[in-house]
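Listed features, source TrEMBL:
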SIGNAL    1-26  signal peptide
DISULFID  CYS35-CYS68  disulfide bond
DISULFID  CYS38-CYS55  disulfide bond
DISULFID  CYS45-CYS51  disulfide bond
DISULFID  CYS61-CYS85  disulfide bond
DISULFID  CYS105-CYS120  disulfide bond
DISULFID  CYS122-CYS127  disulfide bond
TRANSMEM  141-166  transmembrane segment
DOMAIN    218-519  domain 'Protein kinase'
BINDING   VAL224, GLY225, LYS226, GLY227, ARG228, PHE229, ALA230, GLU231, VAL232, LYS255  ATP binding site
ACT_SITE  ASP355  active site, proton acceptor
Amino acid sequence: MELLGVAVFWCGTILCGSVLLREAESYIMKIPRLCKFCDVRATSCAGVRSCKVECDITAICPDKQDVCVSIWRKTDANVTFDTVCHNPAHALHGVLLDDYNNSKCQMKEIKGMGSQFFICSCSVDECNEHTFFNPTTDSPVVAVVLVSLVPLLVMAVVVIASFYWYRVYRQRKASSRRKKGPPLDFSDNRAIMMDDEGSDSSSTHANNLNHNTELLPIELDVQVGKGRFAEVYRAKLKQGSSVSGEQGFETVAIKIFPYEEYASWKTEKEIFSDADLRHDNVLHFLTAEERKVQRQYWLITAYHPAGNLQEYLIHHVINWHDLWTLGGSLACGVAHLHSDRTTCRRYKVPVAHRDIKSSNILVKNDLTCCLCDFGLALRLENNLSVDELANSGQVGTARYMAPEVLESRINLENIESFKQADVYSMALVLWELTSRCNAIGEVKEYGPPFGNLRENPCVESMKDSVLRDRGRPEVPNSWSNHPGIQIVCTSIEECWDHDPEARLTAQCVAERFYDLEYLDKLSDRSDSEEKIPEQISVVDEK
């Protein structure tokens, strides 16, 4: 009973205490609040961080529900503070107060008031004397976010850097492996060329010096080519001074675009800038520069003194080995452009050249070809729309245009159509090579495909020959006397088929040249008259 009495005593005490506490709290809430109350006054507050309202009047709010409010406004050069008492159940300047249950007056911007308008409210005596424009509670959150993100950013940088260096290592390793097999390489008109010796040092030197801020120390030598959009110069790339004070040079090619041809320069630069374009049968690109003083845009590439393929064929008769080397390397270059994989089997964006011709192919010192002049090239992205492809227009050189390009009926629904047009043009170049090979017998003077037409035939003239007459360059029966050239001629005819879908791919042509390697090796054992081994002749007769 005694324990029961103690328990009842304490329960009654707690119950009475809670009742008294609620009554006291209710009483306190009924006491009117004290707030700074100066209505509108000019202020020097800039509306950042925290400000004091500069009001020296403290008023007892007339309504027991009132809270303290401060309003900061800026209209033109006038900045004012309003300090008032206000019942949050009613709108003030059209704004309902929703943050008054605070001990600090935290400013919040209200849009659409005709001026910069910040308002804050709070429910502690004179709490509207100090206002805060920047949330003070955000800083810990920001700190936590930063602490969380910095390690992730560091890890991302490390992963990207590691991937980049691995990619460079694989490319160099693959490049060293490609030294064997059918020739591979790429270039631009007669002058975008460079001596094979020291090409790596040129590339390294250019990349080290040019960080888009410092122009390379280059001395132009002589003009070696001129096209529709640019001129090409042989130039000397200065590589530093020796102890004796003599300058060291390395020969490079400079393709110079005037300011008006920025679009052509930009297109070619973007094509060349793709690291996956690097290949033995594509012109080696060093860097691009904007020369503001001369009002010019430059592309700096390797220099190949042998010139372009057209000029080479004009001045040289080639043998079977030369034909195999030049033709195989051309096919490998076009196949690399068209492929969606690098030699390391990594994905790349296919490219259509769209202006393949013998003057846009350079001859390297080892008699392999490299493609150049990518001013009309098109990256065959998977997301290209039909409209974007259609806007690319009818481009190229009329003499080398495929029938569907001449007729403006290329299939824009299929990006393979652009590759098929390239293969047609490549077939004409292979015909040029074959026409200058002494393995076919008597070799005539060089003549371009459709040599019966004028020097630069227009599209309409080519339509008459290619579309109306279904004409192609002549392939004499005597060309079939050599088994290797017979296979080359068969490939040429399949590549310039009128139906784009029936044409071979560049990869297939490259593989055929590779399969002809045994004939090339046998020809090395024969004399200059290209005698064919008896066993091959017997097979041919059958």
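Keep in mind that glycine also has a Cβ here, set from the backbone N, Cα and C atoms.
Between the binding-site residues LYS226, ARG228, the minimum number of other C-beta atoms within 10 Å of a residue's C-beta occurs at ARG228.
When Cβ atoms from all protein chains are considered, those within 10 Å of CYS68 (disulfide bond) total 27, not counting its own. When Cα-Cα distances from CYS122 (disulfide bond) are compared across the recorded positions CYS55, CYS61, CYS68, VAL224, ARG228, the shortest belongs to CYS68.
With every protein chain in view, the residue among the recorded positions CYS35, CYS61, CYS122, CYS127, VAL224 whose Cβ has the most Cβ partners within 10 Å turns out to be CYS35. Of CYS51, CYS55, CYS85, all annotated as disulfide-bonded residues, the residue with the shortest Cα distance to ALA230 (ATP binding site) is CYS51. Within 10 Å of CYS35 (disulfide bond), counting C-alpha to C-alpha distances, fall the following of the recorded positions CYS51, CYS61, VAL232: CYS61.
LYS226 (ATP binding site) sits 88 Å from CYS61 (disulfide bond), taking the Cα positions as reference. Confidence across the domain 'Protein kinase' (218-519), taken as the mean pLDDT and rounded to a whole number, stands at 90.
Note on the recorded positions CYS38, CYS51, CYS55, CYS105, ALA230: the fewest other CB atoms within 10 A surround the CB of CYS38.
The recorded positions listed here (CYS38, CYS45, CYS127, VAL224, VAL232, ASP355) include CYS127 as those with a Cα within 10 A of the Cα of CYS105 (disulfide bond). Counting neighbouring Cβ atoms within 10 Å of each of the recorded positions (CYS85, VAL232), the lowest count belongs to CYS85. Here the CA atom of CYS45 (disulfide bond) lies 64 Å from the CA atom of VAL232 (ATP binding site). Once Cβ contacts within 10 Å are tallied over all protein chains shown, the disulfide-bonded residues CYS45, CYS120 are led by CYS120.
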